[in-house]
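Peer 1: Can you keep this structure in mind? I'll have questions shortly.
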Amino acid sequence: MRIILLLFLIVFVVAQSSSSSSSSGCPCDSSYLCEPLQIAPRQEFLGFSLNSTQYPNYYWNQLTTLAIFYETIEDELLCIAHENDVRLVWGTTFPIENLGNSSYIEEWIQEQIEKVQSTFTDGLNFDVESPITDPTIAQQYTELVSATNKAFKAINPFYQISIDVAWSPSCIDKRCYDYAGLASNSDFLVAMDYDERSQVFGEKVCTAGANSSPSNALAGINNFTDLGISTDQLVMGLPWYGYIYKNCLNGDEAGLETVVCQIESVPFRGANCSDAAGSEYDYSYLVQLLQDQTINSSAVQWNTEWQSPYFNYIDPITGNVDQVWFDNPQSLSIKVQLAQKLNLRGVAVWNIDFLDFSDQYNSRPMWDALASFFPQSASSEQSLN
């Protein structure tokens, strides 16, 4: 209760202190570009960004929200984004050990408001992925999101608050959050339909597998809706990266035609097998790996069960067989079609900077695969910069 009461004081003080400066310091030619976007709820194409220099290459006519995971933004980025009706939101996390600390929470919320207002941006994207198994702590996280959402909306009802969540609400990676509460206290959830093999149970021998399968995505969405969460509050997060599993442990049987690659057992949060046995690589690197004529690799194969591509190659240094699981335009399109069929709020990508933008032949179809979510997807022939 103390948090809620003091929130009104936070909002009043921040609003008063920023009202005189909100129109000054605008880096754009037109001051209206420094106002938060006033756009009603809409279908989403959200991009997570970790690189502050790539924005001139984005297809701004396809994006709706850009979640920023770096410290500062270029002035031009703000102007371009708002000119194209794209929200800029700050990716943020929170130390769960302070979830019961009301004074810390009050100060943290004020800092987030000041950050958003001083940068003329549009809200927050919560990316908390810590294990929480105590229902009391899970409820405290919901209360944090609720208090943050109320504080932001009291200043501007068009500020956006979104929450990144695991691909299923079934305590994935011991993230036993109050998902229904998080959904009802935010604009939408981003179900991260990747890293689906972070915990693999029931395998006597650990094996490599798909990073993002439609069957798991569907099961996860159904689990969310079973909690009473509307599909309109769910965004399907998809990967522009894959996993390389080094040294298939198949003995003499390992080769370029290997289908099932046995891997090392690397436990993670209670599971004996996990994708931690592999390493993440961005899509542009995997394309280069496939195109490298000095590396002996198989053709891209297709797993019909997981509806995902993979390939094998001989490591030129060790001579071992490595297996690669990733997503390409074909596998992404299947999941995007699923998102359409389920009437989800939209799609998202981790992360938007994992492409080689100088290679239009391979990068453009990845954009178009996600943009196909929209009934009349915008052409990506040119980025708007």
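Note that Cβ sites are derived from N, Cα and C of the backbone, with glycine treated the same way.
This is the feature table in Swiss-Prot:
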type     : residues : note
SIGNAL   : 1-15     : signal peptide
DOMAIN   : 16-377   : domain 'GH18'
CARBOHYD : Asn51    : N-linked glycosylation site
CARBOHYD : Asn101   : N-linked glycosylation site
ACT_SITE : Glu129   : active site, proton donor
CARBOHYD : Asn223   : N-linked glycosylation site
CARBOHYD : Asn272   : N-linked glycosylation site
CARBOHYD : Asn296   : N-linked glycosylation site
Peer 1: Near Asn51 (N-linked glycosylation site), how many other Cβ atoms are within 10 Å of its Cβ?
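Peer 2: Taking all protein chains shown, Asn51 (N-linked glycosylation site) has 13 Cβ neighbours within 10 Å.
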Peer 1: Same-chain residues six or more away whose CB lies under 8 A from the CB of Asn296 (N-linked glycosylation site)?
Peer 2: Leu256, Tyr313, Ile314, Pro316
Peer 1: Fill in the CA-CA distance, Asn101 (N-linked glycosylation site) to Asn272 (N-linked glycosylation site), as an integer in Å.
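Peer 2: Here the two Cα atoms lie 35 Å apart.
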Peer 1: Please list, in sequence order, the residues in the chain of Asn223 (N-linked glycosylation site) that are at least six apart in sequence and whose C-beta is under 8 Å away from its C-beta.
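Peer 2: Correct list: Ser168, Pro169, Ser170.
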Peer 1: So what's the mean pLDDT when you look at the domain 'GH18' (16-377)?
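Peer 2: Mean pLDDT, the domain 'GH18' (16-377): 96.
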Peer 1: Fill in the CA-CA distance, Asn51 (N-linked glycosylation site) to Glu129 (active site, proton donor), as an integer in Å.
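Peer 2: Given the Cα positions, Asn51 (N-linked glycosylation site) is 21 Å from Glu129 (active site, proton donor).
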Peer 1: My understanding is the cutoff is Cβ-Cβ under 8 Å with a sequence separation of 6 or more in the same chain; which residues meet that for Asn272 (N-linked glycosylation site)?
Peer 2: Val200, Phe201, Glu203, Cys206, Ser265
Peer 1: Are there any residues in the same chain, six or more apart in sequence, whose C-beta is under 8 angstroms from the C-beta of Glu129 (active site, proton donor), and if so which?
Peer 2: Thr93, Asp164, Ala166, Asp173, Arg175
Peer 1: Run through the Cβ atoms and count how many others sit within 10 Å of the one on Asn101 (N-linked glycosylation site).
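Peer 2: Result for Asn101 (N-linked glycosylation site): 13 other Cβ atoms within 10 Å.
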Peer 1: Should Asn223 (N-linked glycosylation site) be counted as helix, strand, or coil on the basis of DSSP?
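Peer 2: Asn223 (N-linked glycosylation site) sits in a helix per DSSP.
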